[in-house]
Amino acid sequence: MTEVTYDYDVVVIGAGHAGTEAALAAARMGARTALLTTNLDTVGQMSCNPAIGGVGKGQIVREIDALGGAMGRAIDATGLQFRMLNCRKGPAMHSPRAQADKRLYQAEIKRIVEEQENLELRQEGVEELLVREGDRETEPPLVPGPSSPIPSIAGVRVRGGATYRAPTVVLTTGTFLQALMHTGEAKTAGGRAGEGTSAGISGALHRLGIRLERFKTGTPPRLNGRTIDYTACDLQPGDDAPQPFSFLTDELTQSQLPCHVTYTTPAVHDLIRANLERAPMYSGQINSSGPRYCPSIEDKVVRFADKQQHQLFLEPEGRNTREVYVNGVSTSLPRDVQDAMFRLIPGCERAQIMRYGYAVEYDYAPPDQLQPTLESKRVAGLFFAGQINGTTGYEEAGAQGLVAGANAALKVADREPLVLGRDEAYIGVLIDDLVTCGVDEPYRMFTSRAEYRLLLRQDNADRRLTPLAARCGLASAQREARLRAKLGQVDRVAHLLETVRYQGRSLSEQLRRPEVDWTAALAMAPAEAAAELAGAPADAVEQAIIDARYVGYVARQQTEVDRQRRLAEKRIPATFDYARITHLRHEAREKLARVQPTNLAQASRISGVTPADITLLMAHLGGGRRRSTADPSV
Amino acid sequence: MTPDVADTIAAIATARGASRRGVVRLSGPRAVSIAHLLCGATLEGNSPRRFADQTLRIELAGRSHELPADLFVWPDERSYTRQPAVEFHTLGSPPVLDAVVRACLAAGARLAEPGEFTLRALLGGRIDLTQAEAVLSVIDARSDERLEAALEQLAGGLSTPLHRLRVDLLGLLADLEAGLDFVEEEDIRFVEADELRRRLAAAAKLVDETASQIAERDDAQRLPLVAIIGPPNVGKSRLFNVLVERYGVESQRTQAIVADAAGVTRDTLAAVIEINGLRCALIDTAGDDETAAIDAIDRVARDRLTAVVRDADLLVECRRAGPAPLTTLVDRLSVATMVDASAATMSEGWLATSAATGQGVAELAETIASRLAESSHGTLAATADRCRTGLTQAAGALARALDAVDIGDELVSLELREALDGLGRVVGEVVTDEVLGEIFGKFCIGK
């Protein structure tokens, strides 16, 4: 039997939100890329809520878009409700969120993938990871010891005996590793309702010496909208002037659908309490930890026992379906309790459940085993992205996918890696948190995780990232040209704001006073300048106003950014032996040795590493090169 | 604070304690311009130079003073740290040196961390790792506990108010962040502008109170306290008398400070002594016989003794040398007295003295001086500096936070983080996980 082999630069396993962005990024940069999925009909599937964005997450989508990714364009094309959250707060807090037509979104992502040059999408089940041994690819041998040499990835073998050879592989298997679903006492193997699990990859990772741990997450039930009485619920409409996610989208023209809001009642809480011992989280059937910010309804009832009601959001899953996602009631209670629960919820008394809620337990690979490029420290050329790194959320997954795919392509081309700073992007914060601190619950982005929140805004993602993306081949010429045009307009408006004065103060200074808005500022300008300002494009005006208002704060944040940059310039060699620093505390030594930070700034962010530890480390990294005998005293 | 060589750092460079001459050192890009701000003189020149008989303007006890000083200026990398550096050589009194450091901080310098000058010398290639080792070895794990202990001793106990302040600010930050990050969630109670103003003002008041607590009870001004303790009739008082006879200093003012600081009255003897230029208060305590029955007067005496033992920077424990060897004591200087007696034997780890013959008295004095140099008195003063710097930073940030209430919560949050950063120098940094933990503990998050 002759075995079929294919040759690629980058092989991506899994075509979810991480996998598609990874494959698209690698292909955009010119790498010959294969995207392998067990099911072509679930490319870009929204396994949980039918929504994109939110506070912190919306900013990430804008960044993915600024880097040439697909997520923003796909949601603009298929969204059915758009809202800008936190509108009444300052511009750094504005966060776009949209409800998606789930099926259309998925189809749109698949189409974008299909149309990408250099990219081949294939339905394949990956059974084994291959490593290089001399001239040939082979299955990984037994588990290596801590001092074994680092193997290189060589490709993957798929069901049916074919081999994909590639110097880089991006693993984005989501919740599918050793996945186990729970609904009450019932357990089913599989990472998503109706689908199976990827067992072979877990074994291969284990043999490569990669540590795996377990998390749990859950989803709520879905209802048939025909059986919901919406008149008993509150209405939640979209924005009147919806704003797009993609910097390439000029305007959103589709009609918008509303969401609805209802509440649990004390009777629902009593029912849940009476059935707690049948919930896997409480019966001991599930031991792994879930996210604190996305508790199941049983968790909410137990931990916040004094609350009389919890809000439930009824979100349509699409224009051509009546299926409704019930946000806020994630649960793994048994079916009969889920049915009984809705009988007691206003508006849902007669609602039919179309899919029951469930909890899923899955393997993830603790991300402190990764370099800042998302390449494994244990296997050269093997990249990890998405939920396998212990994160949640489509946005977090897509962001990692894009960075991992780009770095795989850069590695093949032997070019400088792409590592975004914490001062450059939420994506930089995300990946730095993952590889520096690891995770102890599924990781979700919050804006409070970003120390330079005022710099990382949804409105300036293109200014922050598109030039960088253009340099490494991620962003198209069209995107770059649009940014250049916009920046030219911003400069012109900013120039006018700086030079036009009113009562001794420039318009910039005027705008810094809370009571002066754009209209008031225009009234202060002489006719000619006022006309030019009034005619400037809205996005350029918005940028210039934000720049003017935040300028003092941004300068202060920049001082701290510069400080961290200087610290980041102090590189730590991968081979550095922390045992050499005799005075280093045991805890610090252990953590530094595990994380292997690449520079002093990263080292200083490891929890439990103190400034005193950094001082010692700095001394041992930098000292003693130019010993002088000069006497310092005078 | 992570060590950044672009910061200009300041610290007292001589050993703590009252001595005739003291040195404050500055190092970093702005060293020369900061020195210029302090003395007003032009310190130009391309090579290391001494500027004698300068006048420094400093604030001491709320008043402006002119302080004579010699300045040594290194304008370039020819200094010990391989960067611009200045030394102020002036009077050795701790409050004066502290005031010079404070003036440097006010002019833009940052308080040096332990070992930081040595680190710069090492990074600049001035010394090698072996030479730096001794200094670096003091930057170790115990510093947290020492800091906490110093806070407890400082200004009548700063640990509680500072931790309370940190808890208050963390709670406020969590409430603000919850409103920013979880706008969609049902359970969030948004902090209204009025409430925000009230809570910020309360925090600012607590910062001010704590700052004035330090200012009023300026512990750095007190002399290091050396207490002679031990059972009755072991010759403590005779040893005290010999030390005062040889090293005593006449000073009404310092006498008063000694009596005040120690809370001692008639039943305890105190005197100021000076050893090798280092001054300290020496206290002779009434012997405490734990086995004897006690009356009310004894109880008062015993309470005083407890206070002295707690506040002392160095305990000199006396035991009469006898036929049996003495067991070694930790945390104190162990002194065997009356070693001239016929039955006395030498004990390992004990300093042998005799008030009668003068044997061991000079050695005892030397040991007291060297132990004091490394005792907690230095930590106390440095901790007071750190608290002052941290509270100043917090006060400034809270004032700006109040101004930002009308502009936006994200800006108030930025200032709150800076205030917490200031406190973080003394009572532990605030990390994101702590803020999130507060939020998840308080609110039912989870759409």
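Keep in mind that glycine also has a Cβ here, set from the backbone N, Cα and C atoms.
Any TrEMBL annotation is an automated prediction that lacks curation.
Here TrEMBL flags A:G14, A:A15, A:G16, A:H17, A:A18, A:G19, A:V126, A:S198, A:Q387 as FAD binding site. Taken from TrEMBL, the feature coiled coil covers A:102-129. The NAD(+) binding site feature in TrEMBL is assigned to A:290-304.
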Can you name the far-off residues of the same chain, 6+ from the ends of the coiled coil (A:102-129), with a Cβ under 8 Å from a Cβ of it?
-> 8, 13, 15, 20, 23-24, 26-28, 30-40, 42-46, 50, 52, 70, 73-75, 77-78, 139-140, 153, 156-159, 162, 164, 169, 198, 200-201, 204-205, 208, 317-321, 382
Among A:G14, A:G16, A:A18, A:V126, A:Q387, these being the binding-site residues, pick the one whose CA is nearest to that of A:C294 (NAD(+) binding site).
-> A:Q387
Sequence-ordered list of residues in the chain of A:Q387 (FAD binding site) that lie 6 or more positions away and have a Cβ within less than 8 Å of its Cβ, or none, is A:G16, A:A18, A:G174, A:T175, A:Y362, A:Y364, A:A397, A:P442
Taking just the CA atoms, what is the gap between A:E298 (NAD(+) binding site) and A:V126 (FAD binding site) in Å?
-> 37
Restricted to the coiled coil (A:102-129), the mean pLDDT of the model is 96
Could you work out which of the binding-site residues (A:A18, A:V126, A:C294, A:V302) has its C-beta surrounded by the smallest number of other C-beta atoms within 10 A?
-> A:V302
Run through the Cβ atoms and count how many others sit within 10 Å of the one on A:E298 (NAD(+) binding site).
-> 25
How long is the line from the C-alpha of A:F304 (NAD(+) binding site) to the C-alpha of A:V126 (FAD binding site), rounded to the nearest angstrom?
-> 44
Those binding-site residues listed as A:G16, A:G290, and which of them has the most Cβ atoms within 10 Å of its own Cβ | A:G16
Quick one: of the binding-site residues A:G14, A:G16, A:A18, A:E298, which have a CB under 8 A from chain B's CB atoms?
-> none
Far apart in sequence but close in space: which same-chain residues, 6 or more away, have a Cβ under 8 Å from A:S296 (NAD(+) binding site)?
-> A:G218, A:A279, A:M281, A:G290, A:S330, A:T331, A:S332, A:A359
Taking the Cβ of A:R292 (NAD(+) binding site) as centre, how many other Cβ atoms lie within 10 Å?
-> 18
Count of other CB atoms lying within 10 Å of the CB belonging to A:F304 (NAD(+) binding site) = 15
For A:A18 (FAD binding site): DSSP state (helix, strand, coil) | helix
Around A:G14 (FAD binding site), which residues of its chain at least 6 apart sit with Cβ under 8 Å of its Cβ?
-> A:L36, A:T37, A:L171, A:T172, A:T173, A:G174, A:F176, A:G386
Once near-sequence residues are set aside, which residues in the chain of A:K300 (NAD(+) binding site), 6 or more away, have Cβ atoms under 8 Å from its Cβ?
-> A:K307, A:H310
